[in-house]
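Colleague: The structure is given below, and queries will be raised subsequently.
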């Protein structure tokens, strides 16, 4: 599967906008939303005040102006780097939003009023309006096709150049504003008011206008705020103790100590990680309608998968007509064609095509308008036709036809079950055909399992994710395909309400459930699931019920989205571990330097042997600032995710980001000290 091309990290336009955004976000009204970085900003303001009023907190500190200035500059850079990381993440989304907005500019629509056309601005259309869109024209807003069949170019939204066939009725009647009618014409009923269309929602989300913190972000922010408060209490307590013991502790040093000990690294990158997670989902042409949905993907442990389209290609085609009595084969084909002549599904069309190829004589279908066609429903699980002469023809699932025949007083042929079972054992789908009380035979529908799924399901199983296949097929067919595909379990003869029951049962056991769907009958289950991915080719009801929409309408993407969600959680956890581990090294850099002159016993903790107290504090501050931009690519790209047991993954990340988070600052601070110590000596701060 190809990812959609997005603006690169080093795109000049994005970087320019990000630099500007970094300064704009210094506004305290914005900074207060990130308590950790807000504390840093307060520290920077205090340091700036001390540059002009060095004796603000008492004492004679005229010789500290240069030191205070250096602390202020480093703290300002820390804030700018943190804001820059968030602005870069937002910039990628805004670049995508700009391209989406181009599809809405100066768009006109042919509004049908009282049977007449009227050209109006697309942004004036409201729910319920009916518009006509001819070949080459852009569909003005989201809607449902009420008349016409046409190819629709969705490349402006999905990036896929191949047109998609759209027609009224069924699950492929939904169209998206901004796409283009490539052939024929469509009459569309608008389903959204101005500002509420799918493109409008996409623009709001990728620009970050409607992004809310996810539950895990809130929990992590609470932890970071708690750690910040604890360190603030420690620092505030340290000041009177220093005065009591006769130790001179400049306020700028206390500010520096505070900034170094609070988790500024993860505090500065937290928003960028969340925004980048949503961006990674959009790179797979999936629109997440909330950050919570992406995050929930990382916790998924149960996946409800439709057989058709997800596990198999979904193009079940008629392969053979199997008559119960060989002398009645032509009757079987004849009745199968009549029952399918108005069935616009691929299966129905394939039955008509194969049947006409096999029949030696032409079939008269001119009087079909006088017939009453019976549409397939998930409840009856059969379809058919009542002919003008009163003949009732039905085709459908084995058990549904059996029930139907018994209800009208017919008999069940003794060899029917064997023929149905033989097809099911081959992984095919049997459709039984009857006319009046007599069953004439079975249609063999074949489907193919998508390559690579067996290995993928095995990988999911290895990390504890259970896969459940839902299908309307009979148990034998379902069991054969489930075994071949390698899913953990299956639900045969599945109705829409069965999916909801499975989801609720799993959720009652504290499981996090994901599923895909495209039809109106999938909407309740999509709404119930923790992660519901609707196909863009599906109905409006399905897209409104889901919390994600797949623009490519590829149900197998649920597997990729789950992996992205897990990568998001792992990235956030890894960088949090790294940030907190950093504090240990910074502690050993600053604390001994502050008290060594007065408390010689601190020499035991002075394992870094930094040049001076000023050099130690400034080196730690500089490292604290530059580590943020160094980690921006990792926050944006995400920690490399491997499908493995959580215990093994935790051990690996603790080693890399925990132990590594302690070692890197020791090396970094020492190297910075070696560079700046001579400069500080020249400035009189040696």
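Just so it is clear, glycine is given a Cβ too, placed from its N, Cα and C backbone atoms.
For reference, Swiss-Prot lists these features for the protein:
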| type | residues | note |
| --- | --- | --- |
| ACT_SITE | 306 | active site, 4-aspartylphosphate intermediate |
| BINDING | 343, 347, 376, 377, 378, 379, 380, 381, 382, 383, 395 | ATP binding site |
| BINDING | 518, 522 | Mg(2+) binding site |
| TRANSMEM | 37-57 | transmembrane segment |
| TRANSMEM | 64-84 | transmembrane segment |
| TRANSMEM | 223-243 | transmembrane segment |
| TRANSMEM | 255-275 | transmembrane segment |
| TRANSMEM | 588-608 | transmembrane segment |
| TRANSMEM | 616-636 | transmembrane segment |
| TRANSMEM | 656-676 | transmembrane segment |
Colleague: Three or more CB pairs closer than 8 Å, sequence separation of 6 or more: does that hold for the transmembrane segment (223-243) against the transmembrane segment (255-275)?
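Modeller: Contact criterion met.
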Colleague: What same-chain residues, at least 6 away in sequence, bring their CB to under 8 Å of the CB of residue 343 (ATP binding site)?
Modeller: 349, 351, 352, 376, 383
Colleague: Residues with Cβ closer than 8 Å to the Cβ of residue 382 (ATP binding site), same chain and 6+ apart in sequence?
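Modeller: Expected: 374, 376, 394, 395, 396, 397, 400, 401, 404.
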Colleague: Apart from its near flanks, which chain residues at least 6 from the ends of the transmembrane segment (255-275) lie with a Cβ under 8 angstroms of it?
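Modeller: For the transmembrane segment (255-275), the list is 34-37, 39-40, 43, 46-47, 71, 75, 78, 81-82, 85-86, 88-90, 93, 208, 211, 213-214, 217, 220-221, 224, 227-228, 231-232, 234-235, 238, 291, 568, 571-572, 575-576, 578-580, 582-583, 586-587, 589-591, 594, 617-618, 620-621, 624, 627-628, 631-632, 635-636.
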Colleague: Validating a neighbour-count step here. Other CB atoms within 10 A of the CB of residue 378 (ATP binding site): how many?
Modeller: 14
Colleague: Six or more residues beyond either end and a Cβ under 8 Å away: which residues meet both conditions relative to the transmembrane segment (616-636)?
Modeller: 9, 70-71, 74-75, 77-78, 81-82, 84-85, 88-89, 253, 256-257, 259-260, 264-265, 268-269, 272-273, 276, 279, 571, 575, 578, 582, 586, 589-590, 592-594, 608, 610, 664-665, 668-670, 672-673, 676, 680
Colleague: Are there residues at least 6 beyond the ends of the transmembrane segment (37-57) whose Cβ is under 8 Å from a Cβ of it, and what are they?
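Modeller: Answer is 26, 28, 31, 64-65, 68-69, 71-72, 75-76, 78-79, 82, 228, 232, 251-252, 255-256, 258-259, 262, 264, 267-268.
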Colleague: Do you know offhand how many angstrom separate residue 378 (ATP binding site) and residue 518 (Mg(2+) binding site) by C-alpha?
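Modeller: Each residue's Cα considered, residue 378 (ATP binding site) and residue 518 (Mg(2+) binding site) end up 14 Å apart.
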Colleague: If you count, for each of the recorded positions 306, 395, 518, 522, the other Cβ atoms lying within 10 Å of its Cβ, which residue has the minimum?
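Modeller: Among the recorded positions 306, 395, 518, 522, the lowest count of other Cβ atoms within 10 Å belongs to 306.
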Colleague: Here are some binding-site residues: 376, 380. Which one has the most Cβ atoms within 10 Å of its Cβ?
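Modeller: Sorting the candidates by Cβ neighbours within 10 Å, the top entry is 376.
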Colleague: Take the transmembrane segment (588-608) and find every residue of the same chain, 6 or more past its ends, with a Cβ under 8 Å from one of its Cβ atoms.
Modeller: 245-247, 249, 253, 256-257, 260, 615-617, 619-620, 665-666, 669-670, 673
Colleague: Among 343, 347, 376, 377, 378, 379, 380, 381, 382, 383, 395, the annotated ATP contacts, find the widest CA pair distance and round it to a whole Å.
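Modeller: Looking at 343, 347, 376, 377, 378, 379, 380, 381, 382, 383, 395 as a set, their Cα atoms extend up to 19 Å apart.
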Colleague: Residue 522 (Mg(2+) binding site) to residue 306 (active site, 4-aspartylphosphate intermediate): how many Å between their Cα atoms?
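Modeller: Rounded to a whole number, the Cα-Cα distance is 10 Å.
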Colleague: According to DSSP, collapsed to three classes, what secondary structure does residue 382 (ATP binding site) have?
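Modeller: For residue 382 (ATP binding site) - judged by DSSP and reduced to three states - the answer is strand.
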